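See structure below.
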Amino acid sequence: MRIDILSAVPNLLDSFFNNSILKRAQDKGIAELYVHDLRDYTLNKHRKVDDYPYGGEGGMVMSVEPIDRAITYLKSQRDYDHVIYTSPDGKVFNQKLANTLSLSGNIIILCGHYKGIDHRIREHLITMEISIGDFVMTGGELAAAVITDSIIRLLPGAISDECSALSDSFQDDLLSHPIYTRPAEYKGWKVPEVLLGGDHEAVSKWQEQQALERTKKLRPDLLE
């Protein structure tokens, strides 16, 4: 899988993509991650990627030309399954969507900034808009990082224990069950006895029950 991210402030993503699971996935050849500076696709001498909006509103809008030039260039090099725009207007990102996107070949993610992007980009080039929640941030870089991390960790070999990814919260529309590690008792706080007995069937049933109970209590909307 290859993910290309288009950003007006690409340095925000450098550290995130060069550490932990994302770096290991790249080192293993499991995924390719590239961050492109939209200013490299401008034609004006000041490398501006924004301009004032028509209609007299305040704020600045990301211009159509550098975004179009960047996407057109990338598409001339290879095929892409999705061109995603991170936007509060988009479909709310969840585990099901992460699972679906993890089956893709190549993806472009466009990070919004300022007041947003020229709407013509959304009409003619964007194939999917994704939101990570009902709130507004300064730019879409953090949303792009969230989406990328969630996708990459699902790829075979990206994490050392692939079963761990399959048992995460939301994989079965349930929250995850409680998890514990050593010591078995600390300050009188004890690990549930069922987890210490070695009965795998009993452990599995306990985990399923706990996942359901936690979901009912904390996220009943997932069961609707």
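Keep in mind that glycine also has a Cβ here, set from the backbone N, Cα and C atoms.
Unlike curated records, TrEMBL annotations are generated automatically.
Among Gly112, Gly157, the residue that TrEMBL places alongside Ile132, Gly133, Asp134, Phe135, Val136, Met137 at the S-adenosyl-L-methionine binding site is Gly112.
Fewest other C-beta atoms within 10 angstroms, among the binding-site residues Gly112, Gly133, are seen around Gly133.
Taking the binding-site residues Ile132, Val136, Met137 in turn, the residue surrounded by the fewest other Cβ atoms inside 10 Å of its Cβ turns out to be Val136. Same-chain neighbours of the S-adenosyl-L-methionine site beyond Gly112, Ile132, Gly133, Asp134, Phe135, Val136, Met137, judged by a C-beta within 8 angstroms of the site's C-beta center, are, in sequence order, Pro88, Ser131, Ala143.
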